[in-house]
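Taken verbatim from Swiss-Prot:
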ACT_SITE  Pro2  active site, schiff-base intermediate with DNA
ACT_SITE  Glu3  active site, proton donor
ACT_SITE  Lys58  active site, proton donor
BINDING   His92, Arg111, Arg153  DNA binding site
ZN_FING   238-272  zinc finger
ACT_SITE  Arg262  active site, proton donor
Amino acid sequence: MPELPEVETTRRGIAPHILHHPITAVTLRHTQLRWPIDKALSRNLPGRTLVRADRRGKYLLLAVDDGRTLIWHLGMSGSLRIVEPTEPPGKHDHIDLRFAHGRVLRYHDPRRFGAFLATADDPAQHALICHLGPEPLTDDFNGEYLYERSRKRSTAVKSWIMDSRVVVGVGNIYANESLFLAKIHPLRAAGKLTRPACHRLADIIKAVLARSITQGGTTLRDFVGGDGKPGYFAQQLNVYGRGGEPCPVCAKPLTEKPLSQRTTVYCTHCQN
């Protein structure tokens, strides 16, 4: 599933190609994604211009010059790429936005769990967005915030930091990696984290996500950046996907087990 670094990589990749260039055509090949796409968008978006590309959690927010905002979620397997108009659409290429310069923003989603919505209201108040926690790369997310929020929480810390109401964008890959680097056992109750541990974890989450963004997201499964190129962060994973292999620090076998229906990999020696 594309997480925060993948979505941010996509935003940065497509923004120069889609902002301040009039939309000339919208093609909706399949309108049944996670929620039905408003077919009227194929009629009322052409002639409009996108003026800003933001991100909130895993949602792309594309501001239209008429006050609307397009809310785009990549779902489990989606990607947005800039392609030439001569490139024929594939089986899972569901949406095309063509711009005056001739190039096309193409949405690819084999599993159709993504979303393409429009709102005339403040997107921050949209039902999909209003409950989200702070962005992890902002000053609002820090060790003191984690410490205060975690008090009396019995939830396993890995599940807790993956809760988008606590902080957005810490998906399974990044939760595994961050907890390993912070030397925190993923099954430890969040409420038992010390203040220093919370500060350490917050700093490491920021560093892991920032590094992944710099390297273009991960290469896992279907993700490619807005330029169609894969990311390279997967080449630097310490624990995720390496259950049973030697720990990169102590060489003891890494433990792998399910937690909240997600694969969890950790070192029982380093993360005790």
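Just so it is clear, glycine is given a Cβ too, placed from its N, Cα and C backbone atoms.
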Number of Cβ atoms other than its own within 10 Å, given for Pro2 (active site, schiff-base intermediate with DNA): 27
The zinc finger (238-272) - residue tally per DSSP class, helix then strand then coil: 0 helix, 12 strand, 23 coil
Site with most surrounding Cβ atoms, counting all protein chains shown within 10 Å, from the recorded positions Lys58, His92, Arg111, Arg153, Arg262: Lys58
Glu3, His92, Arg111, Arg153, Arg262 screened against Lys58 (active site, proton donor), Cα within 10 Å - retained recorded positions: Glu3
The residue listed as 'active site, schiff-base intermediate with DNA' and His92 (DNA binding site), Cα-Cα, nearest whole angstrom: 17
Candidates Pro2, Glu3, Arg262 (active-site residues) - the one closest to Arg111 (DNA binding site) by CA: Pro2
